[in-house]
Amino acid sequence: MPAQTHISKLTLTNFRNYAALAIDLAPGAVVFSGDNGAGKTNLLEAISLLTPGRGLRRAPYADVAREGGDGGFALHARLDGPDGQVEIGTGISVGEGEGGRRVRINGATARSAEDMLEWLRVVWLTPAMDALFTGPAADRRRFLDRLVLAIDPGHGQRALDYEKAMRGRNRLLTDGSRDDRWFEAIETQMAETGVAIAAARAELVRLLAAMIDRLPDTGPFPQADISLSGDLEAEVSSAPAVDVEERFRRALAGGRDRDRAAGRTLEGPHRSDLLVRHRPKAMPAELCSTGEQKALLVGIVLSHARLTGEMSGMTPILLLDEIAAHLDGGRRAALFSILEELNCQAFMTGTDAALFSSLMGRAQFLTVDHGTVGPTEDA
Ligand SMILES: Nc1ncnc2c1ncn2[C@@H]1O[C@H](COP(=O)(O)OP(=O)(O)OP(=O)(O)O)[C@@H](O)[C@H]1O
């Protein structure tokens with residue numbers, strides 16, 4: 001079993017509705033309760049920004065800096081892990097723009113945000129993800145690419161590199177460029193990164209499917225069958241990557257006229273989709289009821305947490321926003337016992353602490369009240 005990593009102290013400065021906050025946190029389950037708009041999700045968002053990317057709301061940094069503050073914000077966590085304590089911090093300073101996020105680890109400036117993954121993994125589930133199965137494929141690709149970080153911390157950068165190259169190609173297409181050498185250079189890069197993306201996704205799906213199989217088949221969180229729709233993802237599972245790269249590069253070169261007419265690149269990993277089926281019902285997830293979709297998603301996210309722990313050797317921090325509201329009593333109890341088995345620090349939010357009453361004595365209960373956080377009185 002992976003060693004537990006948990007946040008023992010969290011500090012927020014000028015972040016959302018918090019001017020200055022410092023809270024001590026216990027390992028295991030932590031329940032944030034409070035009124036609507038009190039700042040519960042903001043706390044989870046702060047923790048989610050201790051990983052690369054834009055956090056669980058994908059908000060511009062200008063939005064997360066406190067209104068009425070100086071335009072900057074800072075987040076800081078003390079982690080207790082298998083190798084002792086580590087301090088990680090991030091934020092932007094006054095006057096720095098969107099690209100100005102800094103990361104510090106034990107006081108030293110990190111090379112990139114990816115360095116945080118060496119110390120901390122964060123897995124989240126928010127109400128915004130309720131539309132994952134019915135919403136646009138782009139959301140599922142983004143979800144999938146975040147899952148891949150469990151097995152490959154370099155995946156985020158690779159996805160950015162591919163996007164950048166593809167935008168360059170799309171510009172050539174819409175400009176009507178016939179500069180074959182430019183096209184070749186960009187397409188070679190797209191083939192290389194695109195196939196690496198497809199290979200990482202295919203591997204993630206293979207490993208995650210094995211974790212999902214470990215969910216009890218009659219349990220409250222049904223097993224899902226997951227697969228990928230993309231040609232590249234299918235090809236890399238059965239052919240050497242160099243061959244797939246060459247095939248993709250030729251397809252891009254041969255597809256220039258078609259893509260010129262469309263005004264964009266029509267083939268590549270930016271078009272593939274994560275397909276999810278409810279196994280017991282043998283039905284596509286998007287046709288399931290709202291509650292069934294939520295239960296499927298919880299199963300996938302918990303399986304992903306388990307995979308992250310096994311691959312990285314440290315337990316991820318789980319952020320489960322408004323989780324209790326969506327689950328009946330039986331499912332809540334099942335969730336709590338899986339969380340205990342996973343041995344993760346798990347932050348859960350809700351307007352009503354009573355929904356978590358079965359965790360009494362086994363969790364830290366904190367009340368969030370518009371910029372302050374303190375122990376929940378009747379917990
Ligand atoms: N940049 C900001 N500066 C100051 N306050 C902000 C900023 N961004 C958001 N807020 C405030 O934060 C509050 C929302 O916090 P949050 O979304 O964490 O609430 P919540 O407790 O999760 O509520 P709910 O139960 O309704 O989901 C709102 O009152 C909002 O006005």
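Including glycine, each Cβ sits where the backbone N, Cα and C put it.
Predicted, not measured: the structure shown is a model, and the values here were computed from it.
Annotated features, as they stand in Swiss-Prot:
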- Gly34, Asp35, Asn36, Gly37, Ala38, Gly39, Lys40, Thr41: ATP binding site (BINDING)
For Lys40 (ATP binding site), the number of other Cβ atoms found within 10 Å of its own Cβ: 25
Cβ-centroid neighbourhood (8 Å) of the ATP site, Gly34, Asp35, Asn36, Gly37, Ala38, Gly39, Lys40, Thr41 excluded: Asn42, Thr349, Thr351, Val368, His370
For Gly34 (ATP binding site): intrachain residues, at least 6 apart, with Cβ closer than 8 Å: Lys40, Thr351, Thr367, Val368, Asp369
Residue among binding-site residues Asn36, Thr41 with least C-beta crowding, 10 angstrom cut-off: Asn36
Gly37 (ATP binding site) in three-state DSSP notation: coil
Which of Gly37, Gly39, the listed binding-site residues, has fewest other Cβ atoms within 10 Å: Gly37
Cβ neighbours within the same chain of Asp35 (ATP binding site) - under 8 Å, at least six residues apart: Thr351, Asp369, His370
